[in-house]
Amino acid sequence: MVAHDEEAHALLDQHELCSDGSSVRDDRALSSAYTAQFSHRFKRSCVVRWVVALIVVSLLSIFGAFIYHAREQSSETGQDTPLGYRLHAQEHTSRPPKTLVYNWNITAGIRSPDGVEKRVYLINDEFPGPVIEARSSDRVVIHVHNGLSQEGLSIHWHGLRMINQNGMDGAVGFTQSPILPGDSFNYNLTIGDDEYGTFWWHSHSDVQRADGLWGGLVVHSPDETNQQPEDYLIMIGDWFHRNQTEVLSWFADASSRGNEPVPDSLLVNGQGRFDCSMAVPARPVVCSQVTMNDLKPLFRQTNDRRARIRVVNTGSITGLTIRIDAAMMRPVRVDGGFDVHSEATEAVGILYPGERVDIDVEWKDDHAPNRWLTVYMDDENFGYPNEALNPVQHFPAFDHGNKIPSRKDLEPNEAQILDPRNLKAAAKIVDIPSVADHTILLYAKVEKLAHMDYEPVGFINHTSWKPQDPPLISQNRSGWDENQLIPSIATTREKPTRVDIIINNLDDGAHPFHLHGHSFYVLSTHRDEGRGGWGSYNPYSGEAPPNGLDLDFPLRKDTNYIPNPTFLSSASAVAGPCKPGHTSQTTDVATTTPTVLPTTTTSLGDIIITNSIANGRFANGIDGFDSEGEANHQQGGCFKDDGSPDNGCASLKAVGDSKKRFLGSFVGISQFLESLQPSTTVLYTVQFYYAVVTGGGFQMCTISASLGNKQFYSMGLFSVGNSISWNRVLTSVTADSRNANFGISMTCAGNGQALIYIDSVFVSNQVTPKNIDQFQLDFDASLPGPQSSSSTTTVSTGSLSTWLPEPDTTNEGSEHLTPTPIGTKSWLPGPDTSIGTPSRTPSSWLPGVDTTRAASTPAQTPSPWLPTVNTSKLSTPSGTPTSLLPQPDTTSEPSTPTFTPTKKVDLTTASVTTSKSETPTEACKYTHGEECEFDRFNYPQDALCAYGAYFTGPTWTESRTNYPHQDNAYQCIAICKGMENCQSVGYSQRENRCIFTSVRIKESDFINYTSQSQSWKHSYWVDKRCYKCPDCIAASVPNTPPERCSYMEGDACSRKNAPEGTVCGLDAYMAGGYWTGDQWIDQYPRQDSAGACAAICEAIRDCKGSAYKNGRCRFSAFKLSTTDGPIPLDTTRDASMNWPWDDPSCFTCPGCM
């Protein structure tokens, strides 16, 4: 909603913007001096009567004009307002650039846009969202408040280049953290001087866009020479009656067989007409019939025979072709203002999701009644019929009277084809380099693989991307390259860099590709119908593209749909590096002006970061800290390697009592911190050093650290020898409240006792664990202060500024991103699982990897965790199994808590030393589910660190009685680490168990099965030397039950007495959310009883119940219940539809503990 002039002043004052009412000249408001002078003159007593009269007449004239304008506006907003958004180009192109301010409150509610009730997203209680109309060089400020109760959100400005404002681009996890429920965010963006055309905005969080969170964005050019008397924005898109979370869950399930969901209806500017009688009985809807007379006409009737229609496809699946009766249509622009040459025809298409086209329309005669806009929905991606869908829809162009539109089929070659093979640029392109500087070859395909439970998963070059945890926005920029498919490409400002991207779509369906902040030239495209659908092209084969390269009149786009089977060759002529953006989201936003980043001439060593902790070095005592137990000040023998001018620290002493082994002895220090920022966009970096001075007894002592209710560090203490080593703790944590206690404590149980020193405690949200050492740290939080000199910059931890500088590098020019916390709340809001089929994404089911931890590096790239090995085979050459040989990374330290031993300090007060245990003792076994991680700095160069295939060497297994936790590869590595005779270990997803071998694996030990019917035999193997493990938990510590059980072919469970209320042998109908045994008949051939099905279920991740009938199993993804859960069991259906369902607790299985 655009603020009125009076409201604009209030908004601009509130957000520290400026306005003069109608426009902002040079983005500056009237000076206070000028205002005071004007006020003074106006009040002078020498004003004569004729001046007063003139003022009165002027005011009356203005008032009359206002009334006339108001009447004009009322006629535009009343019942006669056309459905098409009528634009006002002249009003914007005739004025200078100004600041436009919008205030949006985003909520959700039930609406019936086509007669069928559905939960949709609302902007200021309206659906669809508002249209932003601006001109080039305008500044647009949108204050977005998230009024949703359980969903985060973000807004993407589709097609805008967003130069130097990438932090406003709205890509969750990459350029922005989501706006949390109840929070607000100010989008502050400036449109480029040469940017104009038809754009649109939409949600870029989860699947909200397809449920209506979108709107129009039109930018007018003051240099426009072909303005039409009438200008309309028409936003057309397919429409589902189910919420998109349910649609996505259906598609992500194996039962979809990879078929795209088919829409139910179609909306034009938020209005549609669904035939209620066409509703499918299996999917009932609440429907009120919309008649033809209920449809508002798209255009207003005038004497003009010409108009411009800007069409945006807002849909998810369907391409569109449009026709208007008695009109000729000629496309003049595509996407964001890219001029094209075309001929006038009666129809234009196909326009795919995300694409836009500007069409000049000329009526053949006057605006007679019974003129209709007809929309033809392309069925290329419809994998199954939807009887409820009418694929040809009509909307009245003008007042339609009582006549009914006649259905006219679209004849071949009747439409102006919006295809790069036919549509060309309006003028010759002269700035494309003749030779590509870089060429990137991509193969895209959706696979349904056995080892991924036949769920449809998208692959590009054998790699399926998974959301990062933590997301990229919270990681150091230097770590981005290892988590992206296309490497970073260096560019210069002096010479354009041509990057050719060849995309081969090998899939059964079409796919859109959109580059944020970029446009590209489509140099060539080819669809080879004669090779059974494999329209691929390899530029490295030496052959030219079948259709050649068009370097003279290539179509320019920012979104391109690639049908199957097709290859597309595009080129991006880049003028310079694209810098990653920064986020400016905090819980309290003090200003909406762009954050000023430090210039590259400022050395980071000159920037002082102030500590949030007072007296963090304990120079003269432990003042500022509350203490419990034997916490005292220590003078001498403290940490000085960071240049500390003092020799003071805190000492904590705890002595356990064997008679009170379950109570233990506690000692700790804490400090109350105020004015924290409890936000998912603010990550506090914590550093402190500790040294174990003495230790004894059973050494059952643990050091812990916490902020508020979050314990972010815990480690057992060990000590040997006669000297000490200082350990550095360096990690990050979020604040869960504005005021919280920061504490470091030690607990000893049994006969355990220890004396430790604590020093150099530092907390700040202005640094990260990876760049903290590049700044000057001010440990005295009581002296935040301004800049101390012209050459030194002081940054207060309490500041709301959100930049986090990185090292000054001339080849990257990167800006660091404000971290997003690694907390219990997901950075990307999850789907709503209150209804429908299992709300799972393919990434959560990648085999053999704990997806709560695994990084999303490409399959050929090492990960801090165990990489996902993809053994799928596309049509590209691949002669050997996938090998994962990590490369050393010396540019950054791990982001997990690190322990950095420093030089030893001789002590006269103690006769023991400490060092972190590197290997488990012979008596200690990893039985508590400990997990190891990839040792990226110290792995042996000759090791095969990870390999996915069938191992042919000698192996053995261990029962879950001895090793209860064998539920992922990381636990298997830990178990192997504790065995003297184990050199390598594998994890079998089929059997959900570890497989051990006494040999060091090499590639020749493996068989790689390429067929889907045998690839399930693969396991995930590692050399244990490549991984580092935590200290194992003592056997005396109580263990927790494992997540699942193991399985061996032929296993069957036995029934037992289950707890009261458990579903056991219940004949019931399940409407969805299950897998059939047919999907896994190769890897689980025994499906002959309820006990056999239960044994399989116990080994399958996320299986919550099983059923057996007629020689096949079914497995439920939801806990079985007749009353609760997303899909309750239904006992009222026809008995022939029922299956006997069992909860896992109904059985005792051989593969369990």
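Glycine residues also receive a Cβ, built from the backbone N, Cα and C atoms like all the rest.
TrEMBL annotations:
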type: DOMAIN; residues: 109-223; note: domain 'Plastocyanin-like'
type: DOMAIN; residues: 230-373; note: domain 'Plastocyanin-like'
type: DOMAIN; residues: 488-564; note: domain 'Plastocyanin-like'
type: REGION; residues: 783-902; note: region 'Disordered'
type: COMPBIAS; residues: 788-802; note: compositional bias 'Low complexity'
type: COMPBIAS; residues: 834-844; note: compositional bias 'Polar residues'
type: COMPBIAS; residues: 853-885; note: compositional bias 'Polar residues'
type: COMPBIAS; residues: 886-902; note: compositional bias 'Low complexity'
Please give the average pLDDT for the domain 'Plastocyanin-like' (230-373) in this predicted model.
88
Across the domain 'Plastocyanin-like' (109-223), what are the DSSP residue counts per state (helix, strand, coil)?
6 helix, 52 strand, 57 coil
So how many of the residues in the domain 'Plastocyanin-like' (488-564) end up helix, strand or coil by DSSP?
6 helix, 27 strand, 44 coil
Per DSSP, what is the residue tally for the domain 'Plastocyanin-like' (230-373) in helix, strand and coil?
18 helix, 56 strand, 70 coil
